[in-house]
Amino acid sequence: MLFLWLYMFYSCAGSCAGLATRGSPAPPRAAPPLPQLLPPAPGEPGEESSLEEQRAAPDAASPISSFFNGSGTKRLPQAIIIGVKKGGTRALLEFLRVHPDVRAVGAEPHFFDRNYERGLAWYRDLMPRTLEGQITMEKTPSYFVTKEAPARISSMSKGTKLIVVVRDPVTRAISDYTQTLSKKPDIPTFESLTFKNRTTGLIDTSWSAIQIGIYAKHLENWLLYFPIGQILFVSGERLISDPAGELGRVQDFLGLKRIITDKHFYFNKTKGFPCLKKAEGSSKPHCLGKTKGRTHPDIDQEVVQRLRDFYRPFNMKFYQMTGQDFGWD
């Protein structure tokens, strides 16, 4: 009976209120405020970021969204492979990309030598998105011989870690020539390009294939802006004979856990250098492309010996500067 009485009372109250206000529209009732489930964004309480602010920070993704859509944040590189051409930089980059904490640009940006006027925002936009704890990298071998590159990289970040892959300068010069020859079959012979005057035996150091291998000269320029401990020198020869060993040094230098080991490599006898058992994002073996491991043309051994004699004092100085003996004759 009590429940029935209460039901009749509230029903009557509702209908009576409706009759009392009939003939004049009832004022709209304000909706109750929704509970604030998340704190307001930084700034004024509850203030929404402007369209300009959103455009200015397009990469601010949460860890959850990064996990699901593979995004993250684009950052300027913390490490750069700066050289040298035909030293093994492509192999090193491909090997490093196996590491889950390394994210790298595939193509060479050439920012600090050819595209500097485009600005750091353009350069940053080229970088892959990374999550917290991952390292952003790029490689452009021509940086090592570009006079302006050290100052420009230092201006971006004095803490940038630099990696230089070096190789016997004579073998490197021949490899450099071989690459050019594959694109321009009508170029002069290696022997004729090596000398300003073959009769006098004067080496033509203006030829880039020769000039790049004077490592000590180029390193002096870098040491004006970076301490020697901030530059890692990787042996191109050992990268072939002991890839896991060299990758161990690189991972230590970058502050990474040693994940890339012997189990990641196998030696390809046809190409003559190591390949990955599994490349980044693939379950299949991966070797570098057809342009790597080209057969070198036969070079006059007298010319080869003259080049070895020419490079020897520069090599000795390079060993002293780096504290490493690379074993080049």
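Each Cβ is built from the backbone N, Cα and C atoms, and glycine gets one as well.
According to TrEMBL, the features are:
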type	residues	note
ACT_SITE	Lys86	active site, for sulfotransferase activity
BINDING	Lys86, Gly87, Gly88, Thr89, Arg90, Arg167, Ser175, Lys292, Gly293, Arg294, Thr295, His296	3'-phosphoadenylyl sulfate binding site
COMPBIAS	25-43	compositional bias 'Pro residues'
DISULFID	Cys275-Cys287	disulfide bond
DOMAIN	77-312	domain 'Sulfotransferase'
REGION	21-56	region 'Disordered'
SIGNAL	1-18	signal peptide
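Feature annotations (TrEMBL) mapped to structure.
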{"residue": "Lys86", "record": "active site, for sulfotransferase activity", "contacts (Cβ under 8 Å, 6+ apart)": "Pro141, Arg167, Arg172, Ser175, Asp176, Gln179"}
{"residue": "Gly88", "record": "3'-phosphoadenylyl sulfate binding site", "contacts (Cβ under 8 Å, 6+ apart)": "Val165, Arg167, Val234, Gly236, Leu239, Ile240"}
{"residue": "Cys287", "record": "disulfide bond", "contacts (Cβ under 8 Å, 6+ apart)": "Asn268, Lys271, Cys275, Leu276"}
{"residue": "Thr295", "record": "3'-phosphoadenylyl sulfate binding site", "contacts (Cβ under 8 Å, 6+ apart)": "Thr178"}
- Note on the structure: The number of other Cβ atoms within 10 Å of the Cβ of Ser175 (3'-phosphoadenylyl sulfate binding site), counted over all protein chains shown, is 22
- Count of other CB atoms lying within 10 Å of the CB belonging to Arg90 (3'-phosphoadenylyl sulfate binding site): 19
